[in-house]
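**Student:** Before anything else, here's the structure in question.
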Amino acid sequence: MRELILAIESSCDETSVAVVEDGAKILSNVIASQIKSHQRFGGIVPEVASRHHVEEITICIEEALEEAQVKVADLTAVAVTQGPGLVGALLIGIAAAKSFAWAHDLPLIPVNHMAGHIYAARFVEPLVFPLMALLVSGGHTELVYMAEDGSFEIIGETRDDAAGEAYDKVGRVLGLSYPSGKEIDELAHLGQDTYNFPRAMIHEPHFDFSFSGLKSSFINFVHNAEQRGETLIKEDLAASFQASVIDVLVNKTIRACQTYPIKQLVVAGGVAANKGLRTALTQAVSSELPDVQLIFPPLKLCGDNAAMIGAAAHVELQKQHLAQMDLNANPSLVFPNKD
Ligand code: KG4
Ligand code: ZN
């Protein structure tokens, strides 16, 4: 019998519900983005996010079931993002998932949002272990070593800002709307790395990152130029910033992959949509790690979505990692310690 998981994601600014078959096939993946409501504030307003989730969640559940042509009686389990994320936003998805699971007598599977981002790669290829995941999103920048399904070891992470956060802050200085990662990526392709911003900790032996120095150096540079009445070239600023981020990400990731005995490299999270990063990593892997298979999820699965939660939930269900009706949101949920 096929396993059908109804998955719910509401950790930030997308309400998403999916139906996933056997952890590997998307039958539906409804995503209601609220980004337009947050743009005028230049970032996510948690209270606004929660209110939107309340309005959208039941509509998304109905749509996801209808699009998948699945009846409630056919479902195997309900999965939901437990954290990390905004507490109020997470709670809406969790309340909906608990009610649905209770009403229909289905098992409830709690899922780590970051594990979800990694498992988005499962829709491209079966995962082969051990693997390395480079997780780059608005809130996280981590190198995660996975010895097997459902096992996560963070071997390096940002000591300050996440890569996506740096993109969004720099974007604000460039007068771009939130979130600005995609637009900076597009501008970068029209410019050159002429300003040469710092590449923090690039040659240090550990696998940690730091992006706040780059962000400050960028902002100071732009403000100083403004004060002197100098005109800077926006495309070159974007290209220089992006070159610095990509250099550090690629350098550290390749070194991590040379240090651990991995078979695959998965790149995940919103910043994995970056075209410059995709090109640079593809080149670096083919020349430095010819035996490693590089997997990028398709663009629509890089950002937040519930299908990735369904893929990660499949593994949790096999391990019988289930939740009871007292499941609570955990805004700072971390990967579990290794058994
Ligand atoms: O994973 P995600 O959708 O949400 C979080 O869980 O954080 O990531 C959102 C982040 C934002 O910071 C956004 O600016 C960034 O991903 N992003 C990009 C690109 N597309 C989205 N950053 C760089 N290049 C892109 N093409
Ligand atoms: Zn995310």
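Keep in mind that glycine also has a Cβ here, set from the backbone N, Cα and C atoms.
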**Student:** Can you find which of D291, D304 TrEMBL lists as binding Fe cation at the same site as H113, H117?
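**Tutor:** Candidate listed by TrEMBL for the same site: D304.
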**Student:** Among D160, D161, D168, which residue does TrEMBL name as a further substrate binder in the site formed by L135, V136, S137, G138, G139, G181, D185, N274?
**Tutor:** D168
**Student:** How many Å lie between the Cα of S137 (substrate binding site) and the Cα of H117 (Fe cation binding site)?
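**Tutor:** The Cα atom of S137 (substrate binding site) is 9 Å away from the Cα atom of H117 (Fe cation binding site).
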**Student:** Inside 8 A of the center formed by the CB atoms of H113, H117, D304, which other residues of the chain have their CB, for the recorded Fe cation site?
**Tutor:** E9, S11, C12, T81, M114, G116, S137, G269, N305, M308, I309
**Student:** For the binding-site residues G139, G181, which one has the sparsest Cβ surroundings, going by other Cβ atoms within 10 Å?
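**Tutor:** Looking at the binding-site residues G139, G181, the Cβ with the fewest others within 10 Å is that of G139.
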**Student:** Using other CB atoms within 10 angstroms as the count, which residue among the binding-site residues H113, H117 scores least?
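**Tutor:** Each of the binding-site residues H113, H117 was scored; lowest Cβ tally within 10 Å is H113.
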**Student:** On the Cα atoms of L135, V136, S137, G138, G139, D168, G181, D185, N274, which are listed as binding substrate, what is the maximum pairwise distance in Å?
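**Tutor:** Maximum Cα-Cα distance: 18 Å.
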**Student:** Determine, using Cα-Cα distances only, which of these binding-site residues is closest to L135 (substrate binding site): H113, H117, D304.
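**Tutor:** Of all the candidates listed, H117 is nearest in space.
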**Student:** How long is the line from the C-alpha of H113 (Fe cation binding site) to the C-alpha of N274 (substrate binding site), rounded to the nearest angstrom?
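**Tutor:** H113 (Fe cation binding site) and N274 (substrate binding site) have their Cα atoms 20 Å apart.
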